[in-house]
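S.K.: From TrEMBL, for reference:
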type: DOMAIN; residues: 114-223; note: domain 'Ig-like'
type: DOMAIN; residues: 234-315; note: domain 'Ig-like'
type: DOMAIN; residues: 334-396; note: domain 'Ig-like'
type: DOMAIN; residues: 403-483; note: domain 'Ig-like'
type: SIGNAL; residues: 1-16; note: signal peptide
type: TRANSMEM; residues: 515-537; note: transmembrane segment
Amino acid sequence: ILKIVISLSVSPLALGLYTVNAVYGDTITMPCRLEVPDGLMFGKWKYEMPNGSPVFIAFRSSTKKNVQYDDVPDYKDRLSLSENYTLSIKNARISDEKRFVCMLVTEDDVSEEPTIVKVFKQPSQPEILHQADFLETEKLQMLGECVARDSYPEGNVTWYKNGRVLQPMEEVVVINLQKIVDKSTGLFTMTSSLQYKPTKEDASAKFSCIVTYYGPSGQKTIQSEPVVVDVHYPTEKVTIQVLPQSTIKEGDNITLKCSGNGNPPPQEFLFYVPGETEGIRSSDTYIMTDVRRNATGEYKCSLADKSMMDATTITVHYLDLQLTPSGEVTKQIGEALPVSCTISSSRNATVFWIKDNTRMQTSPSFSSLQYQDAGNYICETTLQEVEGLKKRKTLKLIVEGKPQIKMTKKTNTNKMSKTIICHVEGFPKPAVQWTVTGSGSIINKAKETKYVNGKFSSKIVIAPEENVTLTCIAENQLERTVTSLNVSAISIPEYDEPEDRNDDNSEKVNDQAKLIVGIVVGLLLAALVAGVVYWLYVKKSKTASKHVDKDLGNIEENKKLEENNHKSET
């Protein structure tokens, strides 16, 4: 045994020939990298203290096959030595990072093979703590601390902004790294603080940190979750906005909204409105309801200290319509009625007329009112550029007239009856009654046409056995009109009068008839004069006897003619 101790005091072998990398908490497995010699008596494992002195921890006899573990507190119940002299250490610790030596002993020799144990521990994911609530521009302030715990060996911390490395810069980026070792475990905690002077552009910047550390397989990194720090900066510009942004008309509600581009934004402003000399203190909104045209003008807003002002112009569109006359108007037929529709608006307006739901091509004008002029008139105007701005007024025109009657008669084609028609004009619509003159009896079998433009017809069909006189009575609230017509018996031929033509052609037809009658009468008069002259000439050339005989004959002829004429009249 003394010989062995002396041999163990030999200077240690060079480090680094064989290294076992272990993960903190796992099992360390160290094979004995010596060939088992003949005559092996036993094998031992030891580790070396920092001062070089050995500490034996395990022993295995090759003959008795028994294993003994030395009483070393750090390795109590953690060691296992196999038959091939492989040493296993459970629950790897940082303190296990040593130089271990495998020894195989024969009666004549001691062989040793060192093994270096390296232990690695991945740090926890770094997190940014003590984050600032906000940063102010142009000030160097603490943004936060990046903390990564329980690392071995110690790692390094790097700060990033928007994925780019933050390099230290005097009075702009200041980084301090602190490493603390837990004496009980030997693990490191890294804390890196970041002081930062932000700009306005950093308002939405993402800050993160990355820890670089070493593991059994080499260098690795682990990143923190990014954080966004609120950056405060002063207002540099004020903006006024009008809501809604569409065109504004009378009766609308207007909201003025003032905003500043600072962070946090200003909460109080002064609003300047037309007609007010002083600014009106308000929040970021100022509301006006049911605006009128006099609200047109320039509007301003500024910060509460009257700095930084913005202005806008508001135009309140309006549309006025005056219809003269309007409402319900009653006039007499033939009267004149001037009508005017006057427009006043903020822009050029479109005006059109509607009569009885039909759009008119021109504006109404009445120099001589007719029944067809009666109806419901609407003057309507709109501003095309302003949605919903429309005005209209109505005129209900009533054209009144006393009843006017014209009677006509005609013999029907079957020669068995006659149609008598009473053409009536007037408004309100006259009530028509037929009577037989003399007897006074009322005829109730009349048929009426449709009442259009103040006109209609009432007709009866009769077959008189003798001459009769028919009376048509038309009456409305204005007057009662009576007209009679003689009708011959059905057996006596008579002139059939045509029915009324259309109103548009009646005057032309009457004028043509008058012209024809005038021509015919003129021709008859000329023929009569020529006949008289010829008769006087013949009379002088004949003898007195012949004159006497002819006169007697003429007397008898005249008597016959008178009798025939009398019958004809009857």
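Just so you know, glycine gets a Cβ as well, placed from its N, Cα and C.
Since this is a predicted model, take the numbers as computed values, not measurements.
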S.K.: What are the helix, strand and coil residue counts for the domain 'Ig-like' (403-483) according to DSSP?
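M.R.: Helix, strand, coil within the domain 'Ig-like' (403-483): 0 helix, 50 strand, 31 coil.
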S.K.: Could you pull the average pLDDT for the domain 'Ig-like' (334-396)?
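M.R.: Averaged over the domain 'Ig-like' (334-396), per-residue pLDDT gives 92.
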S.K.: Write out how many residues of the domain 'Ig-like' (334-396) are helix, how many strand and how many coil, based on DSSP.
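M.R.: So the domain 'Ig-like' (334-396) is made up of 3 helix, 31 strand, 29 coil.
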S.K.: What does the DSSP secondary structure composition of the domain 'Ig-like' (114-223) look like, as residue counts for helix, strand and coil?
M.R.: 5 helix, 69 strand, 36 coil
S.K.: For the domain 'Ig-like' (234-315), jot down how many residues DSSP puts in helix, in strand and in coil.
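M.R.: Helix (H, G, I), strand (E, B), coil: 3 helix, 40 strand, 39 coil.
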